[in-house]
Amino acid sequence: MLLLIMIMISSVFTISSNNWLSSWFGLEINMISFIPLMYSNKNSITNESLIKYFIIQAIGSSTFLFANLINSFCLYTFQINFFSSGNTLLMLTPLMLKLGMTPFQFWFISVIEGLNWFNCYILFTWQKIAPLFLILYLYSSTNLILLLSLPSLILSPIAIFNQTSLRKILAYSSVNHLSWMMISLIMSKNMLLFYFFAYSLTLIPLIVIFYFNNITTLNNMIHIKSNFLYFSLIVSTLSLGGLPPFLGFLPKWMIFEFLINSNSFVMMLLLILSSLMILYIYMHIIFNFTLLHFSFLKWIYFTQTSFFYLPLIIFMNTMNWFSILLFNLF
């Protein structure tokens, strides 16, 4: 519990820092707090993931500190709202490394395999907040952000094909959503937060189901016998893929609207293509899972309990339409 509090405090400290040295210090505290949490599973795979995470984060932190020193020598200040435009890419690169964005996703995918589902969720969500906000502070060129987002946007759906490990599937999905978050920060800080929280909420049911049922691969999903868990898994997966009218669709729809108004049609087409590829993969997984589920349970019709829970699940995932009305009003 103390480690979780330290992780949260360090992220908030990094975001609220007014100079680059303080933000670097916050990133270091965040890393030091997360590493003991990773050591909850004492096995060789976890130890390997822990060492990889430490090395990559240490490289990213040292590079970020080096870039900050160069920036301070150029501008004679460590203030976070002052940075040299020529030094922007040097400061962005270690942050991309820490986030696990393409082409630095190799460590992220490898580390995920050695973590339990709870730690995976933290790495998918909360550990991204501080680097993303630092990138937001460094934002000076829309074209640069779009260019940095493209590799993750295009390559992550391709990498998911033929994957059987659920951790890797969600890890590549996280890399894909990370590119959407990068694009959302072009719009505003509020849009970045909205996308982040929508993604985090959508991911919770999946992580909970996998955690308590000890599911790590697609083949293990056959052991889900509960109709409620079955529908929760399907609805959450479709929401994660951004299928309307579920929660995951709303932030993507808002980004599409922004790109249309900005006449960024090429980027919008690439986003649509990436979304369709991801959604196709999720639909394929759901289809296979449904066949296995029906075959395994010899299911013919739904139970009364299922009919009670299904509207509740759909209602929770379609609240985005009320959010659309509120967004247009305010």
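Just so you know, glycine gets a Cβ as well, placed from its N, Cα and C.
Summarising the annotation, TrEMBL assigns domain 'NADH:quinone oxidoreductase/Mrp antiporter transmembrane' to 17-276.
A Cβ distance under 8 Å defines the sequence-distant neighbours of the transmembrane segment (24-41), meaning residues of its chain 6+ beyond its ends; these are 3-4, 6-7, 9-11, 13-15, 17, 49-50, 53-54, 57-58, 61, 64-65, 68, 98, 114-116, 119, 122-123, 127, 130-131. According to TrEMBL, the feature transmembrane segment maps to 24-41 (among others).
Here TrEMBL flags 53-70 (among others) as transmembrane segment.
Residues or ranges marked as transmembrane segment in TrEMBL: 104-124 (among others).
The transmembrane segment annotation in TrEMBL covers 144-162 (among others).
Beyond its flanks by at least six residues, the transmembrane segment (193-216) meets 116-118, 120-121, 124-125, 128-129, 132, 165-167, 170, 177, 180-181, 184, 223-224, 229, 232-233, 235-237, 239-240, 246-248, 250-251, 254-255, 317, 320 of its own chain at Cβ-Cβ distances under 8 Å. Summarising the annotation, TrEMBL assigns transmembrane segment to 193-216 (among others).
The transmembrane segment annotation in TrEMBL covers 228-247 (among others).
If you look up TrEMBL, you'll see 307-329 (among others) marked as transmembrane segment.
Only residues 6 or more beyond the boundaries of the transmembrane segment (144-162), in the same chain, are considered here, and those with a CB under 8 A from a CB of the stretch are 88-89, 92, 96, 101-103, 105, 135, 168-169, 172-173, 175-176, 178-180, 182-183, 185-186, 264, 267, 270-271, 274, 277-278, 281. Remote same-chain partners of the transmembrane segment (104-124), defined as residues 6 or more beyond its termini with a Cβ less than 8 Å from a stretch Cβ, comprise 7, 34, 37-38, 40-41, 43, 45-50, 52-53, 56, 96-97, 152, 156, 165, 167-168, 170-172, 174-175, 203-204, 207, 210-211.
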